[in-house]
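Chemist: Sharing the feature lines straight out of TrEMBL:
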{"type": "DOMAIN", "residues": "621-707", "note": "domain 'HECT'"}
{"type": "REPEAT", "residues": "14-69", "note": "repeat 'RCC1'"}
{"type": "REPEAT", "residues": "70-123", "note": "repeat 'RCC1'"}
{"type": "REPEAT", "residues": "124-176", "note": "repeat 'RCC1'"}
{"type": "TRANSMEM", "residues": "685-709", "note": "transmembrane segment"}
């Protein structure tokens with residue numbers, strides 16, 4: 001395509017090349033000096049855009065391109081608003097920009113005039129913008145400059161099939177123009193023109209027509225099918241059928257065929273495969289698979305097939321133009337709610353590739369994908385350019401962490417660097433995908449993280465410390481982004497590949513999440529590193545100026561066992577800190593050594609255990625409760641090595657929970673207890689119960705309660721447990737699982753000869769609590785309830 005001072009060329013990969021004058025940025029090379037170019041250069045701003053073949057056009061100082069989503073991009077001079085960007089200052093643009101005024105329509109043909117543009121939509125309507133001095137836009141408007149696309153109302157009821165703009169020369173399909181426009185309507189065999197009629201390109205020389213004028217000629221209506229589904233054509237006894245139309249600067253050209261030949265007029269509203277760029281074709285891949293299976297070891301694959309594979313997998317334009325959801329033209333409306341991609345077709349194509357065992361083919365495709373991921377944009381020109389972020393993870397080599405250098409890291413880097421608007425669009429698309437796809441995406445980077453942690457020098461073999469690098473952080477940050485998406489709620493009605501998500505969020509099987517939170521758990525971490533060391537480094541803080549990362553910055557990857565390990569680590573650290581702090585103050589207060597103690601010491605009598613405990617605990621602060629608990633029964637010599645502490649907690653709770661004490665009421669039918677409504681106890685007693693439970697857990701002490709308090713809690717406050725965090729609920733489960741294991745390990749419970757279990761009330765209580773928690777876990781909250789700001 002040629003303008004006055006510059007030219008455009010389009011290859012079968014959808015890449016646009018330009019050369020010539022660049023005074024107004026019409027080459028799209030983003031060059032500051034705007035020097036002329038004698039050698040064709042690729043327009044990088046369209047690298048990820050699938051430009052439709054034969055759909056680039058040039059004006060005097062501007063250029064335009066049409067992609068497979070029906071979107072128009074313009075660049076160059078804008079003195080008459082010919083870029084359609086609705087810019088008040090009409091500055092030149094050296095970077096291709098999407099014409100947002102056409103967002104509601106799907107464009108199938110575009111052409112450029114001297115300083116105006118004309119496009120044809122899939123419904124046969126015309127839109128135009130730019131200079132209207134001579135009526136070349138076809139709108140009877142007093143404004144000579146129009147910066148926003150306007151519909152040509154005078155032809156709104158006539159289905160247009162072809163358009164052409166006049167220019168200084170002629171070229172195939174759409175031509176650069178000067179001051180007139182040509183349109184053709186095949187169903188009624190009418191040709192219209194508007195603009196200035198210089199050199200008799202219209203029926204009267206140098207006349208100006210601001211509305212479409214009928215051009216008379218020997219043509220008749222294009223042959224059409226009699227009825228839907230019939231192959232026979234309407235016969236014509238004579239006459240000519242318009243095949244194509246062209247316009248030059250001062251002339252117009254119409255090519256015709258005989259009606260008896262039964263040749264249809266060109267119609268850009270009908271998709272013509274010949275005008276499309278190459279794409280990843282399922283049938284071609286199946287052909288490759290079959291040929292590879294039939295090849296002998298010493299035979300080579302067809303070179304044309306190899307060239308095809310290399311071409312499509314090397315080109316971002318070809319990849320973004322592949323796997324399109326062509327049913328109902330969904331690919332035309334590519335936006336934040338619809339990627340326009342047939343994900344099942346994409347999966348089928350990549351499954352076929354995975355079955356090809358020829359090493360030369362596998363290596364070629366891998367190298368091509370390595371090139372593709374490097375071409376991913378962080379500021380894409382359009383949503384269409386984001387499609388590869390959806391399709392590439394289906395390539396089977398993404399499940400191979402050994403390819404992390406050439407696949408995972410470039411992909412993660414581009415994903416993390418996406419600007420806000422692009423990241424939001426891609427996030428919506430990920431939420432539209434199936435659960436299996438989303439879990440695959442998570443698994444890809446979990447596997448990559450484990451693989452990287454296993455590499456020499458990453459984890460210190462002596463102390464388990466992790467030497468963080470950029471690759472580890474990339475994997476964790478991608479997982480963090482996916483975890484954030486997983487916790488989002490879709491609030492709009494969106495569809496992709498036939499899958500619709502309602503704008504009313506119904507209760508989901510994963511607590512409102514896309515997938516279960518456990519999909520992010522990484523139990524294998526314990527086999528490759530020591531998370532306790534990571535936690536210690538994490539709470540110690542980063543050294544000045546350090547950008548070191550930590551696993552603990554990403555707590556969603558820790559399962560219940562890992563979190564229990566970290567909780568125990570935290571307790572030990574806090575105990576150690578409290579004891580060290582006490583030793584420090586003891587050193588400073590040499591003359592008063594009894595004012596501080598390394599332990600939380602409690603001295604009580606067995607006969608007055610409740611009152612003594614309240615009195616003893618009242619003298620301590622919250623920080624003191626972080627010290628190890630040490631108990632002494634008055635008048636007894638036993639040293640507390642853990643057994644005395646356990647006995648103390650057991651006796652104290654038994655006393656407090658006894659219904660005869662007045663604080664709790666027993667329900668005989670369920671053998672459970674609950675807080676009495678008639679108690680006269682003050683708040684200190686309730687505080688004591690909470691403190692004792694906390695001390696028991698903090699000091700790793702499992703105690704038995706002789707009354708089923710939990711049963712009544714669940715019966716009357718079941719929603720409370722469902723409102724708590726997942727970590728809390730898992731902790732509750734873990735408490736009784738550990739208790740059950742401990743009880744089974746006691747002498748006489750499991751027969752050492754035959755493994756038979758002698759059940760007792762304690763075992764049954766643990767199992768019944770776990771059963772109740774399991775029932776709760778399977779329930780669905782049907783009303784909107786909140787607690788502590790969490791809904």
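Including glycine, each Cβ sits where the backbone N, Cα and C put it.
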Chemist: So, by DSSP, how many helix, strand and coil residues make up the repeat 'RCC1' (70-123)?
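Modeler: The breakdown for the repeat 'RCC1' (70-123) reads 3 helix, 23 strand, 28 coil.
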Chemist: Can you break down the repeat 'RCC1' (124-176) into helix, strand and coil residue counts using DSSP?
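Modeler: The composition, in the requested order, is 3 helix, 17 strand, 33 coil.
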Chemist: Which value does the mean pLDDT take for the domain 'HECT' (621-707) in this predicted structure?
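Modeler: Result for the domain 'HECT' (621-707): average pLDDT 73.
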